[in-house]
C-alpha cells in the first residue's frame, strides 16, 4: 500500500502525463482491454439503455473534458442499497464472483480475488449420512388431552377440561403486552385517569423512540450509495467512484465506506480523492489493474466461442467490480457468458 506522500507524488505524475499524452483514438479493446473515449460512450449508451437506473451526467461545466460529449461526461446511479457490511459475509461463499477473475501475481499492483470464508474440513464434518438416522416408532408424549364435550351437568371440573381441549389454540390473552398502560376501556375512564394515562403513554413512547435504535440490534440499517463511472484518460479504462450515506442520509465517513469494501481491497485498491467532474471527495477503485482484468475476460469470451463486443464492456467491467464491493447491489443485469 502506498503512503500518503507516495500517493500525492503519483497523482501529480499522472496529471502531468495526462496533459501531454494524446487521447487514445485507435481501438485496443481486444488487444489490451482498454477503451477509447468513443468506445466508453458507446458502452455507456448500452448500459443506460438496458439498466435505466444508470444515467449520463454532465457534472460541473468548468470540469468538462473535451474528449467526451458535454452531456455525457460520466455515468451515475443513485441510492443503490447496501444492506450488509462486508464482515457479515464471513460464512458466505463468494466463489461465484471470485472465479470470474484469475490474475497472475504481479506484485503490489496485482488484483486480489477474495477466497471463500471457512474451513472446508469443518464443512465436511457437518455432513450427515441419512441412512444412519434411526426412526423411533414410539409416538411422542404430548401434554394436550382430548376429552369429550360436557353434557348438561354444570360441574366446575368440566370447565378445566374445556380449557385443556383447546390447548393448541392460542388465547388472545397470551399476547398481552406487559408495556400496555391501559388495563380498562378508555371510554369509561374518568377525566383525571385519562389525563394520567395519556401522559404516561406519551412518556413511554418517547423513551421507546430514543432507545429504539440502541436496544434493537435486529433493525436493518440500510446504507445507500451513489456510484459513478468516469473515463480515465491515463489508464484508458473506466474508473468507479463511491459516495455513501447512512440510514439517516448522512454522508459516510471514509472509514465507514471501507466497511463495505472487500477486506482484500480496502486501503489497497480503494482510496479517497476528489471527483473529477463534481469536485467533492469520493472513494474510488484504483484502475491500475482494470485493463489486465478486462483483457482476461475478453480472452475467456473468445475461448468460449463468443465474440467480444465493446459495447458490452461496462457489463463485464461492473461484474468484476462486484468482487470489490460485494454488498452494494447496483444494476448490471445483462445475460451473456464469459
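Cβ from N, Cα, C; glycine included.
On a predicted model such as this, the values are computed, not experimentally measured, just so you know.
Annotated features in Swiss-Prot:
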- 91-100: compositional bias 'Basic and acidic residues' (COMPBIAS)
- 141-157: compositional bias 'Low complexity' (COMPBIAS)
- 158-186: compositional bias 'Acidic residues' (COMPBIAS)
- 192-210: compositional bias 'Low complexity' (COMPBIAS)
- 288: active site, glycyl thioester intermediate (ACT_SITE)
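Secondary structure at residue 288 (active site, glycyl thioester intermediate), as computed by DSSP, is helix. The local packing around residue 288 (active site, glycyl thioester intermediate), expressed as other Cβ atoms within 10 Å of its Cβ over all shown chains, amounts to 18.
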